[in-house]
Amino acid sequence: MSNQDIVLDVNGIEVIYNHVILVLKGVSLTVPAGRVVALLGGNGAGKTTTLRAVSSLLKGERGAVTKGSIELRGERIENMTPSDLVQRGVVQVMEGRHCFAHLTIEENLLAGAYTRRDRGEISANLEKVYNYFPRLKARRTSQAAYTSGGEQQMCAIGRALMTNPSVVLLDEPSMGLAPQIVEEVFEIVRDLNAKENVTFLLAEQNTNMALRYADYGYIMESGRIVMDGAADELRNNEDVKEFYLGMYGEERKSYRNFKSYKRRKRWLT
Amino acid sequence: MFYRENGQLKTSYQADQQIFPIAQDRWAIIGLVLFAIVAVPLLANEYTFSAILIPFLILSLAALGVNILVGYCGQISMGSGAFMAVGAYAAYNTLVRIDGMPLLLALLSGGFFATVVGMFFGIPSLRVKGLYLAVATLAAQFLSDWAFLRVPWFTNNSTSGSVMVSELQMFSWRIDTAVEKYLFCLGFLIVFAVLAKNLVRSAIGREWMAVRDMDVAAAVIGIRITYAKLSAFAVSSFIIGVAGALWGFVHLGAWEPAAFGLDRSFQLLFIVIIGGMGSIMGSFFGAAFIVILPIVLSQTLPALGNLVGFEVSTAAISHAEFMIFGALIVWFLIVEPHGLAKLWSTGKQKLRLWPFPH
């Protein structure tokens, strides 16, 4: 992986909320261009905070990056505003969707095109989003608040795509969605990645699903990255299998042996 | 280093649930109260009492009431001035109309009538929220302005429209001097602050906060929204009413409805916002900020002007005072949007770990 290929380089960042609560304790990760990188871990591991640090959304949560650096194609971005980042092609899809409730689906998407000036480009983008998400086209005139959770998630992703991004930060796209819809959303992510060459940084709890669609994965625990590797490697790693995928060795282990067999999280010493 | 709770082990729930579980806090507060009762009367002069300390105490008390409603229950109210007026006029009427009415009972009856009025004007809160509620409670303000100006019965048919309370006497204690008035108000403030603090730590306080944070979720877990909102209005207006009665009786002595106008409502709301919503401590900080800072500014500005060697006219000083005061409000809110109380608690949090950063 040569240096030019790295779109996003997060280097040992520390994030403190409210001047007192230390949340990230030195997180480093790199996102190569045109890949899907997954950020995995349980609740409170710091996935969302990492994404927020990248997209400069910490201020609203009274947080700040106090150490380390974040570089986008060699340019320091940790002190930029979110709108600067959108101009540079980095856009976040927030956890919990946050569609504009009183706008219709189409108005939501057009609102996403705020940074685009060229009308032709906007309508081309809109067409593109409708191509990827045919469901949205069917619901284009209904108010976002009255669409289903899956459609709202699609709307949020579609809205992000309207900015013509090069990097999309995707936070928990599977939250509260039926497994089939999750599959559908991830398929579209893979499609976008392959056809539009959009780079994805994906924060997920659903380790199994994320590792199936990602190229590379980082596993976080209590504000640190504890493990990283190519998605296949991680999927076959015994520790990951047990702690995150819920598989115990070759065959199902009987619960009688469960305790004596239980691995320690060795990295937590 | 000196502010650590290390080694302060609690062996009973009672010890763990006291108001100030950290010994340093407890001693600091006890020390502060003792200072206010014993040392301040020895140190301060007449002017300090009547112009600074007494208004500060009474406005703190009123802000305490507003904070329960706005900060803890999340119901924005612009009627605080009206509730103060109701408290003052009701206390006045009970004192004048009933022979041998003790002062204490008259003040509390002011609180009682304010409660009734407050609950009545709290009824819109069952349906409207946020800024709309603020506008709805504004009605209380206009109604009180009108009623106390136009209905002669409320002012005991006073020809000038203003009412007067000449002498204050509680049991055999005649409250004459500024020091006595100060101690009288301080007593009220301490009692109500302890009551309020305990109230917001109890089940009903948690109900209020649940309604504030998400009323739908509160309803879903079985909290009676009607009861929670109206009880917040009741408790809050009671305290505001007593504060209003004190404002009239002790601070002003003689007053007209203008003393409890819309300005007063705004002032109380600003005290709560600057001090910190949802914090008993914040009411004191806010009141100190609003009451004491302008006076400090007007005292220090001429001295400061002399220091640099130019004569400032009094008009220029009063202009500068307003500008600096406004700038300070903005500056404090930018530094800490959640009010001075939050600044205080962040400071304490840091002090606990000091000299280590995390």
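Placement of Cβ uses the backbone N, Cα and C atoms for every residue, glycine included.
Feature list (source: TrEMBL):
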type	residues	note
TRANSMEM	B:27-44	transmembrane segment
TRANSMEM	B:50-69	transmembrane segment
TRANSMEM	B:76-95	transmembrane segment
TRANSMEM	B:101-123	transmembrane segment
TRANSMEM	B:130-149	transmembrane segment
TRANSMEM	B:181-200	transmembrane segment
TRANSMEM	B:230-250	transmembrane segment
TRANSMEM	B:270-296	transmembrane segment
TRANSMEM	B:308-334	transmembrane segment
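Between the transmembrane segment (B:308-334) and the stretches B:130-149, B:181-200, B:270-296, Cβ pairs under 8 Å are most numerous for B:270-296.
Listed as Cβ neighbours of the transmembrane segment (B:181-200) (distance under 8 Å, sequence separation of 6 or more from its ends, same chain) are residues 19, 33, 36-37, 40-41, 44, 49-50, 53-54, 57-58, 60-61, 64, 68, 72, 107, 168, 170, 175, 208-209, 235, 239, 242, 246, 250-251, 280. Counting same-chain residues at least six beyond the ends of the transmembrane segment (B:230-250), those with a Cβ under 8 angstroms from any Cβ of the stretch are 54, 58-59, 61-62, 64-66, 68-69, 72-73, 75, 77, 80, 83-92, 103, 106-108, 110-115, 117-119, 121-123, 125-126, 163, 165, 168, 175, 181, 184-185, 188, 192, 196, 199, 204, 208, 211, 259-260, 268. Fewer than three CB pairs closer than 8 A are found between the transmembrane segment (B:130-149) and the transmembrane segment (B:50-69), and contact between the two stretches is not assigned (pairs 6 or more residues apart).
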